[in-house]
Amino acid sequence: MTSATIPGLRGSDGQAPTEHSELLAWVQEVAELTQPERVVWADGSDEEWERLTDQLVEAGTFKRLDPKKKPNSFLALSDPSDVARVESRTFICSRSEADAGPTNNWVDPAEMRATMTELYRGCMKGRTMYVVPFCMGPLGAEDPKLGVEITDSEYVVVSMRVMTRMGKAALEKMGTDRPFVKALHSVGAPLAEGQQDVPWPCNDTKYITHFPEDREIWSYGSGYGGNALLGKKCYSLRIASAMAHDEGWLAEHMLILKLISPENKAYYIAAAFPSACGKTNLAMIQPTVPGWRAETLGDDIAWMRFGKDGRLYAVNPEFGFFGVAPGTNHSSNPNAMATMEAGNTVYTNVALTDDNDVWWEGLEGEPDHLIDWKGNDWYLRETETLAAHPNSRYCTPMSQCPILAPEWDDPQGVPISAILFGGRRKTTVPLVTESFDWQHGVFMGATLSSEQTAAAEGKVGTVRRDPMAMLPFLGYHVGDYLDHWIQLGKSADATKLPKIFYVNWFRRGEDGRFLWPGFGENSRVLEWIVGRIEGSADAEETAIGNVPRAAHLDLDGLDVDPADVDEALAVKAEEWRKEIPLIEEWFEFVGDKLPSGVRDEFEALKQRLG
């Protein structure tokens, strides 16, 4: 089939839906390479959603849920081999290997393009090729960050409508020549004539490849989440971090929270935690401290740049939440539950109840019988395997969140007063520490550490360094990335920089129990952080930073022994001396590009510890 005979290449009526010549040429080039049966330009309309979801139900990919309980919502079960991000098959193909750095997989870009071009040849035979224009962040931005994903997966088109500002409006924003990120995706499962499709097509060979200088993403073989929804980690973090480095801003793996004091003053906080450390729960916190309220602007990604007034402003580039389902319930995160229960949600790899609803571990009420994520019968107290996959997901529109901040769609973003780093540590790291200054805060972020959880490859429980929680998402050298943070701080007005804090909700006593109750009670720590911003809260200067005592926190009405809180806040020199060689080992791994400012902070810490 020549490109001239591929139906839909020039739009449904033969009139090209855009005059963007670079986009039209790229669509034609990809169609000629991948040989789809037809081309469809996605418009993001309700009609398109209805058509595609009906098609997915008919194909057996989607199961329509009970419209009374979960209106306009669907369950998808993936192939058991295609369930998570694959860090081992994720590549940063910068032109020079030195620019990828020690934390990324690198292949020469020319070699990678040749390999993947052969994989893409004819890979969409028998399928529809969708052209999906989208915008990351508000469409009204001065410099909108646009993208086009070409995909052969209806699941991807439907999910991109939830997760991004997708369709006709984004295409119009591109005009005739605006730059855009090219994101090419195929499940890698061509269909021969008359061949029966499977509910979840994918390929054992997988590549998730980024060409940072060319602003291109090539993904092959996976239909799942971050491997296939290329606006998410691939664009918003890996490609955007490279853009941000070139253009003088920050693309970060952070939630954005709006905290409102009893005096009705708003404070905006960005926070970076690795997977499974409570980012979504903090983003949607219900404060337990009387008079305090919280609203959310995002639970995963923040793009931050300095405004004309010298303050750092953040926007969330996403349009939906793509959250981990297990552990989410009406007490741990009532706002997330309300968001998805409003409908228009796609669930992946959770369990199905007998009355056509969804269930996962940690959700209230254990049913006697389920269909598990592999499509098998599951019986309470009899079946030994999990009903939902540990990385099962909900994909739901942000606009449905009951505590969504009104500024969520403001292209100017919100001014950030505090940046939090944090991880999951049983020992050593106090509940909260304030950095001495910006550079010391960058050192804190550079040495962020967390015990491995089921959300990442690797042995559960081992401590892994995860700089700014960006380890799997850096689009360039980690040393250059840390230096970018240092330089941005140096060029800013120090009095207007956000204060930087490090939190650890997960410290345990010698008997193994958690010393701090977490969840909504974390608002007591946030209240102290606001007090430090305002200069009204006390702290003790320690070797690692400024740390409160239990008496400095508002513990009214909290059923926790103040001695436990003091233990959660304790800075123990002997534990920190054990940390020193671990940090040294990490800095050796980063190599020659470790910024001198970060090294200076490390030397100063060693001296303070004596």
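Backbone N, Cα and C define each Cβ position, glycine as well.
The model shown is predicted, which means the values in this text are computed figures rather than measured ones.
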Residue in Lys233, Lys265, Lys308 which Swiss-Prot records at the Mn(2+) site where His253, Asp300 also bind = Lys233
Further substrate ligand in Swiss-Prot, beside Arg85, Tyr224, Gly225, Gly226, Asn391, Ser392, Arg393, within candidate set Ser275, Ser449, Ser450 = Ser275
Per Swiss-Prot, what member of Arg238, Arg424, Arg425 joins Ala276, Cys277, Gly278, Lys279, Thr280, Asn281, Arg393, Phe519, Gly520, Glu521, Asn522 in binding GTP at one site?
-> Arg424
Which of the listed binding-site residues (Tyr224, Phe519) has the least company, meaning the fewest other Cβ atoms within 10 Å of its Cβ?
-> Phe519
Taking the centroid of the Cβ atoms of Lys233, His253, Asp300 (Mn(2+) site), which other same-chain residues have Cβ within 8 Å of it?
-> Lys232, Ser236, Leu237, Ile301, Phe473
All chains considered, the count of other Cβ atoms within 10 Å of the Cβ of His253 (Mn(2+) binding site) is 25
For Glu521 (GTP binding site), just count the other CB atoms lying within 10 A of its CB, please.
-> 19
Cα proximity to Gly225 (substrate binding site), best match among binding-site residues Lys233, Ala276, Gly278, Asp300, Phe519 = Lys233
Which chain neighbours of the substrate site, leaving out Arg85, Tyr224, Gly225, Gly226, Ser275, Asn391, Ser392, Arg393, have a Cβ atom within 8 Å of the mean position of the site's Cβ atoms?
-> Val83, Ala84, Phe322, Val324, Thr348
Cα within 10 Å of Asp300 (Mn(2+) binding site) is the criterion; apply it to the binding-site residues Tyr224, Ala276, Thr280, Ser392, Glu521 and give the hits in sequence order.
-> Thr280
If one measures from the C-alpha of Asn391 (substrate binding site) to the C-alpha of Ala276 (GTP binding site), what distance in angstrom results, rounded to a whole number?
-> 10
Between Ser275 (substrate binding site) and Phe519 (GTP binding site), what is the CA-CA distance rounded to a whole number of Å?
-> 16
